[in-house]
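A.B. asks: Take a look at this one; I'll ask things after.
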């Protein structure tokens, strides 16, 4: 039973075995070795790139093509040039490689060597006859591609030696195509040969490269406008892909099929450059109109004999027209090219002067296109379109291109077009916001125009030139103004507000623009302004209620002087209204304890808008003429005089005005606000700009650096000053009481005390950059000292962008003696000023050394000297030192507040203030002895010298920029080389990996043999088992 069961199982196993996969395997294994066969050319290129000359020679003997090119058109010689393999280059050239063979982009080996900067290869190739005037597909010669100076020099010398005309070389292809097209047209037979790889025709090349003359001639000769290359591309595909608008227009005018697709189903719209998609859509609409008109013409079934005759005559006329216009083309082709150059130059100029936004330009170009459409089209039309002129489209014969202008089409002038259309629409083509903003570049304005002035000016500008200037943008030069007027005559008005550029610290663009404005506009000189002021002083020796003073808009200097001179009493509570610097008036003048004659009061400080705009040629003058609002806090009565509003706030004793609010208000008139920067950033920027701003006329670089150092020191000491602030105030109160008692003794001692207090308050103000309002009693001395400090702070903030100071050259001689005295008095004053931090005194000295005008720093003894000098002058003695002092004092007190904006130059305001309070008669006596002409000549000479230095500095800066650019370019090239080295290393690593893989592949047959042996053994075992089972 057991044996029967075993046999049955074995039989079942055998049944399963028969027909199984293993049983179906043949008993003898077929061993077919599959080999990868490479193209001979690919093997040759690989051998060349590896540098194996023996292998290359074997392949050449076997019949390999030495000029074999890969898919990119690169030959072995190209690759050797790129790899910097000089030996292989020489080997290939010696073995007959074509030295001028181009790749798919038209690059010959010399292009590759020039691009990589391999001098030795380039020299060898040139020596072997490489063509230095060879042009690639983009019209670049090896000289254009060369980056390193040595390579450029080598190629340029070779071009000069061979006498190659580069421009002629660029146009060589177009010239040859024109010649062939004319031959085909004259012979009536087209002998074109398609490109071997792409199947492209002459029409494809002319369309892709924008050879419009060739394109017209080929179409005229009877070329099919819808001809396809091997990829199914039509000439319209090529023209659209390469963005050639004129070529697209010519093809569409000749009724090419715009819906044709290439082999991958793309229309011309799918492959078109983004820039001309809209233009293609417009052309399609135009073509649809033409087709519908043709259908309308063909609708009559019966044609009269007259129409037939017309058609016959039209055909003959077409032939005649061809004969007539053909020589015109030959003769005037050069003219057309010159005309195109002129057009491009005009476009460049228009780009510079363009100040409108892109939307405005579109509207502008559309309106122009409409006017152009209404002009009669003097082109010769076919019989089909001769009767329908109502539509603004004309179909021309193939000879004459349509004069139709569309909103986005830049149209060059061709000699065959009958209508002449201005290419103004091309402005938009290369235009970016950077280019059109250059037209109205905004200089860093240091004082914004008043709202009133800006609105009036804006209205005036709109009425005249159609351009709205921003408050700080310079007037355009006369040439730009003329262009704007020309635009207006065409019926276009362009509104533009210059972009708000943050204030910059004397950047090169500012300097250049200011120099331009200096040359294009006449300026009112400083001596003129001062003499005008001097005349006014003589006229107004008594109190003059309604007097107005003209002042040059280039120096915004009268603000503090006018305010200080119009304080008639020591206990007054003045409120100064400043309608953005256009109106200043003192509203209240209460009890008078000391009667001092002043030059003006109330309305005497008004300066009308017309006077403000007195020297309106220069925008810089406009800017400087607008002083910042002045804030005068007086002990019990705090007055915040912000722009255009007068605020009178009565507070109790001890109220301190909000200095932060004052500063906010003041800054709002100093810096034009940018939309994208936050309020805190804007404040910080404007404060920094005010502190270290320099003028274009009188500040030297050393002055600016010293000023910045001073500001740096003041910031470090600011925290300490705040800690000592309360102590200072207590000290001041005590001193105020003492001065009140001393005041009763004599006027002279009281004035001395004023000066002590004034100079101290002055220094504190300088340290804190904001007005200090004392909360003490309402004594005259406290109110005056507080007012003077606030005036000083406002003059700091109102630093105008004008002549920074009279020259440092002549002022140093005047002030040297006084400086020495000031340093001695510093030590004596230590006992008095113990409450003040040491940093104040330390900072006072460098400021004193930076003075630009002849006003000495105030000390008690020097003030006594001044009083002695003044009395000497009144008696009639004219000592030299007294004269110079009176000159400098007079300039300080009379020119205007801007002369004392010297927060950077460290001048004492108490000096000029007290000088204002003295009678006019004594000052006028001193004024008579001054020689303003000599001073003016000195200033002028110094300014010229500084301008020359500035110009030299600018030149050096531009040179440095050029060197920097060259250096960065070199670094980029070095980076490219390192990248190339990395690629080489990667390639070597990959080659090693390939060789390892090949070794493993060699082991593969052994493994297969082992596998087969095991299979055979398995089959044998199975057979043995099956026999045993039986």
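Heads up, the Cβ atoms here are built off N, Cα and C, so glycines get one too.
So Swiss-Prot says this about it:
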- 683-693: compositional bias 'Basic residues' (COMPBIAS)
- 841-852: compositional bias 'Basic residues' (COMPBIAS)
- 473: phosphoserine (MOD_RES)
- 477: phosphoserine (MOD_RES)
- 507: phosphoserine (MOD_RES)
- 509: phosphoserine (MOD_RES)
- 601: phosphoserine (MOD_RES)
- 695: phosphoserine (MOD_RES)
- 802: phosphoserine (MOD_RES)
- 852: phosphoserine (MOD_RES)
- 871: phosphoserine (MOD_RES)
- 903: phosphoserine (MOD_RES)
- 908: phosphoserine (MOD_RES)
- 995: phosphoserine (MOD_RES)
- 290-628: region 'Disordered' (REGION)
- 643-928: region 'Disordered' (REGION)
- 682-864: region 'Interaction with ROCK2' (REGION)
- 39-68: repeat 'ANK 1' (REPEAT)
- 72-101: repeat 'ANK 2' (REPEAT)
- 105-134: repeat 'ANK 3' (REPEAT)
- 138-164: repeat 'ANK 4' (REPEAT)
- 198-227: repeat 'ANK 5' (REPEAT)
- 231-260: repeat 'ANK 6' (REPEAT)
A.B. asks: Within 10 Å of the Cβ of residue 995 (phosphoserine), how many other Cβ atoms can be counted across all chains shown?
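C.D. replies: So the Cβ neighbour count for residue 995 (phosphoserine) comes to 9.
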A.B. asks: In which DSSP state, out of helix, strand and coil, do we find residue 995 (phosphoserine)?
C.D. replies: helix
A.B. asks: Which sequence-distant residues neighbour the repeat 'ANK 4' (138-164)? Criterion: at least 6 residues beyond either end, Cβ under 8 Å.
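C.D. replies: Answer is 105-106, 108, 110-111, 113-115, 117, 119, 122-123, 126, 132, 170, 969, 973.
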A.B. asks: Using a Cβ cut-off of under 8 Å, list the residues of the same chain at least 6 residues beyond the repeat 'ANK 3' (105-134) that approach it.
C.D. replies: 73, 75, 77-78, 81-82, 84, 86, 89-90, 93, 99, 140-143, 145-148, 150-151, 154-155, 158-159, 162, 164-166, 169, 973
A.B. asks: For the repeat 'ANK 4' (138-164), give the DSSP counts of helix residues, strand residues and coil residues.
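C.D. replies: Helix (H, G, I), strand (E, B), coil: 18 helix, 0 strand, 9 coil.
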A.B. asks: What mean pLDDT does the predicted model reach across the region 'Interaction with ROCK2' (682-864)?
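C.D. replies: Looking only at the region 'Interaction with ROCK2' (682-864), pLDDT averages out to 53.
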A.B. asks: With DSSP helix as H/G/I and strand as E/B, how many residues of the repeat 'ANK 3' (105-134) fall in helix, strand and coil?
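C.D. replies: Tallied per class, the repeat 'ANK 3' (105-134) gives 17 helix, 0 strand, 13 coil.
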A.B. asks: Please list the DSSP helix, strand and coil residue counts for the repeat 'ANK 6' (231-260).
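C.D. replies: Helix/strand/coil tally for the repeat 'ANK 6' (231-260): 16 helix, 0 strand, 14 coil.
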A.B. asks: How does the repeat 'ANK 2' (72-101) divide up by DSSP, counting helix, then strand, then coil residues?
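C.D. replies: DSSP classes over the repeat 'ANK 2' (72-101) add up to 16 helix, 0 strand, 14 coil.
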A.B. asks: Please list the DSSP helix, strand and coil residue counts for the repeat 'ANK 5' (198-227).
C.D. replies: 17 helix, 0 strand, 13 coil
A.B. asks: Quick one: DSSP breakdown of the repeat 'ANK 1' (39-68) into helix, strand and coil?
C.D. replies: 20 helix, 0 strand, 10 coil
